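Asks: Look at TrEMBL and you will find 11-341 tagged as domain 'DhaK'. Feature annotation from TrEMBL assigns substrate binding site to 62, 63, 64, 65, 118. Annotation comment: TrEMBL describes 226 as active site, tele-hemiaminal-histidine intermediate. Look at TrEMBL and you will find 384-586 tagged as domain 'DhaL'.
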């Protein structure tokens, strides 16, 4: 079913002129001719009109392909861009105005995408300009590889590969070459490039309804850039499969669209069609490079990934492959001030990118005491108690996984139990291998490392901060006293509060841990039995967690939930903290009672 497309515009009939106004306000090096609405020409602000002493390079066509072509106006690339209405070739008078505005004694080169309207309008403008005494040459770019040849008099469509021709010609002109030499380089470059596009959606013209031509789960192969149907419709496939198909089509030895064979060197352009996130474009780029190298036997000299020639809000991408030559690379690497030409892509690239090794951590362990921090062959009393507490805590979390998820599904994103479960399983696994249980501080530090490795989201990083703060507090003493454990808990709570910006009463894990810390310290200060103090503090943790039902959240996703829902569900993070804390306390109490008996 077709529906009205949503656009951030004012008047659908004024989108091109308002785009140009915004463009030149954004980039100081650009200007436009005062001829709206008939004449829509973007040009370099530093061009002295008919006194320009280099070849002017001009391109253009229908709008809707931004940043092409106006975004590539700048020193070292286009001198001017002639903008038509959306998907409509610019009129002859507009093209002539652009030629007159920037062409000096050395003449101008018109780079035209191979569409009938563009060929005719730019062709007539070229002839008119010649009659006025201007030196004019024209190169028509047809890089489409979607349809098998021959295409009659129509020929191949001009697609995103045209942008590479802009760069080659602009650099040649900036180097001071003659019109004939600039045109020859542009013509040669246009014969080296092939492009094919894939669309996941149909574009919507301003003020018009969105077509329902392409249904869910489908993609179009071999489309143009004006919303016209592709050469074929197929079911959506993983991007690696799509990239493989497109590359085989462009590099087909049967059609021989491009003079590229095994052993050639190439330039790759991955071009977004308007609504494709850069993440997806980079994934396509990352899959295309090894396929070019391994399956097609090509060396990839340059890679350009981004949106260069779009089709309004179309989702999809095109791939352009250009045969690489030293002279081509020199032109592509030459400096330019065109605002939408990518930066940081020039220069030779290695055949393969080997990841940089992760630097080793600056551990507090030193070689003289390294053995002390390895997993001990025999546990001392502190080690046995610590092992008992850890095992009880993680097993308790494993047991309440589903309950935590259920609570979290009502007040959050439903994964609190799963996240805590991943941390618990990692601790169980790592404790068997490397926890130095006889050294409490190092064991706490290793727990933090385990958590940080597998627990995502806010809870993972907060528990990692919790453990690191406790480690810092404990690390000076190999034999940790109950008072030092109490101070470590206070330090951990302070760190979580500092970086998480939560306090007591905010309906978070701190609503369990802060009451526990207060009760533990009070009992120890009174000289009460440390184990009894630990158990009493765990009761305070449970009560604190339960009390979160009565709290209005100030942090996390729960802050967006209504009070009626919150009053029936405790905070899952607080309940998780109370669960492991209570389990550890009871386990220590049970172990020490058994030891006495």
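Keep in mind that glycine also has a Cβ here, set from the backbone N, Cα and C atoms.
On this model, are these features tucked inside or out on the surface, and what's nearby?
Replies: Confidence across the domain 'DhaK' (11-341), taken as the mean pLDDT and rounded to a whole number, stands at 94.
The Cβ of residue 65 (substrate binding site) lies under 8 Å from the Cβ of 225, 309, 310, 311, each of which sits 6+ residues away along the same chain.
Around residue 226 (active site, tele-hemiaminal-histidine intermediate), the C-beta neighbours below 8 angstroms that are at least 6 residues distant in the chain are 62, 64, 87, 115, 311.
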Asks: Going by a 10 angstroms cut-off between Cβ atoms, which of the binding-site residues 62, 64 has the sparsest surroundings?
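Replies: Comparing Cβ neighbours within 10 Å for the binding-site residues 62, 64, 62 has the fewest.
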Asks: With an 8 Å cut-off on Cβ-Cβ distance and a minimum sequence separation of at least 6, pull the same-chain contacts of residue 118 (substrate binding site), or say none.
Replies: 60, 61, 62, 89, 112, 158
Asks: If you draw a 10 Å sphere on the Cβ of residue 63 (substrate binding site), how many other Cβ atoms land inside?
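Replies: Summing over all protein chains shown, residue 63 (substrate binding site) has 24 other Cβ atoms within 10 Å.
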